[in-house]
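**Q** Sending over a structure as structure tokens; questions will come in a sec.
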């Protein structure tokens with residue numbers, strides 16, 4: 001089917017199949033849609049909502065076009081959120097990736113510039129002295145040797161540049177925000193994925209199930225694309241294609257709820273200062289709690305089933321200062 005026909009189907013409120021969406025998104029990545037066509041597509045999808053079939057088709061197109069990364073044969077995971085929750089918190093996922101590596105996990109962190117906060121994962125890591133543009137073979141070596149690497153989305157998904165002017169002009173969340181966490185070029189089968197809206201939990205989980213991930217958590221925590229320290233976290237757990245929905249509270253991790261305001265972030269330099277203090281074991285208790293809760297769930301992907309025990313173990317690792325050593329090693333690649 002021609003691109004124009006596929007566009008017309010979407011504008012007429014018809015859902016595309018996965019293969020149709022893959023074809024259409026391949027056209028976007030190759031720069032074949034003009035700005036008016038792309039705007040119509042993005043806004044129509046946003047208003048009616050993207051189906052799991054459509055998201056999985058777009059993911060397939062993006063991964064097929066991505067620059068290659070040598071996927072490891074050992075167990076590794078990613079922890080990443082859609083962004084776009086407008087909460088402007090510290091970089092919980094990035095800090096959790098570093099702490100997770102200090103706990104002995106293998107984490108290939110996929111990330112980009114900021115979406116809704118002042119500081120995205122790549123902004124923070126740059127401020128911390130990490131080379132976010134390291135070649136794929138060097139990033140893979142870091143993952144092998146220290147258990148952590150960062151894959152900068154713009155380096156691997158070159159075709160996204162064709163959509164940048166339209167996305168900047170629209171100034172609203174689109175399917176591109178939804179795709180980010182699902183298109184890690186390392187292709188992890190284990191992921192902790194945060195979404196900016198509770199309405200995304202179900203389509204995201206169904207997409208993950210279609211993509212054949214081994215074990216994944218999709219979370220939304222009281223307005224955050226993270227596990228929440230301030231209230232309930234809605235969870236979709238996908239294990240070997242089966243989806244289970246439930247909720248978690250800070251008490252499940254052994255903590256009392258803390259105010260969201262305590263996680264407020266700032267510019268990259270400010271966030272880097274706060275995250276460095278955290279990794280040294282000298283950060284705010286609320287920051288340590290947020291990272292402990294998210295890393296505890298991340299550990300469950302590797303078979304550590306008791307999240308309360310995991311959270312305490314993470315706090316011990318944070319206090320030990322091991323995490324800042326992992327960061328220091330990463331800056332040398």
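Backbone N, Cα and C define each Cβ position, glycine as well.
In case it's useful when we look at the structure, here is the feature table from Swiss-Prot:
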- 81, 84-85, 89, 91-94, 109-117, 121: 5-phospho-alpha-D-ribose 1-diphosphate binding site (BINDING)
- 81, 112: anthranilate 1 binding site (BINDING)
- 93, 226: Mg(2+) 1 binding site (BINDING)
- 167: anthranilate 2 binding site (BINDING)
- 225, 226: Mg(2+) 2 binding site (BINDING)
**Q** Within 10 Å of its Cβ, which one of these binding-site residues (110, 113, 167) has the largest number of other Cβ atoms?
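**A** In terms of Cβ crowding, the pick is 110.
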**Q** Measuring Cα to Cα, how many angstrom lie between residue 81 (5-phospho-alpha-D-ribose 1-diphosphate binding site) and residue 167 (anthranilate 2 binding site)?
**A** 18
**Q** Distance between residue 225 (Mg(2+) 2 binding site) and residue 110 (5-phospho-alpha-D-ribose 1-diphosphate binding site) at the Cα atoms, whole Å?
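**A** Computed Cα spacing between residue 225 (Mg(2+) 2 binding site) and residue 110 (5-phospho-alpha-D-ribose 1-diphosphate binding site) is 15 Å.
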**Q** For residue 89 (5-phospho-alpha-D-ribose 1-diphosphate binding site), name the DSSP secondary structure in the helix/strand/coil scheme.
**A** strand
**Q** In three-state terms from DSSP, label residue 110 (5-phospho-alpha-D-ribose 1-diphosphate binding site) for me.
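**A** Once the DSSP labels are grouped into three classes, residue 110 (5-phospho-alpha-D-ribose 1-diphosphate binding site) ends up as strand.
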**Q** May I ask for the distance between residue 113 (5-phospho-alpha-D-ribose 1-diphosphate binding site) and residue 226 (Mg(2+) 1 binding site), taken between their Cα atoms and rounded to an integer number of Å?
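**A** Distance (Cα to Cα, whole Å): 17 Å.
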**Q** Identify which of the binding-site residues 89, 93, 112 has its Cβ surrounded by the largest number of other Cβ atoms within 10 Å, counting every protein chain shown.
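**A** Of the binding-site residues 89, 93, 112, the most buried by Cβ count within 10 Å is 93.
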**Q** Return one of helix, strand or coil for residue 167 (anthranilate 2 binding site), based on DSSP.
**A** helix
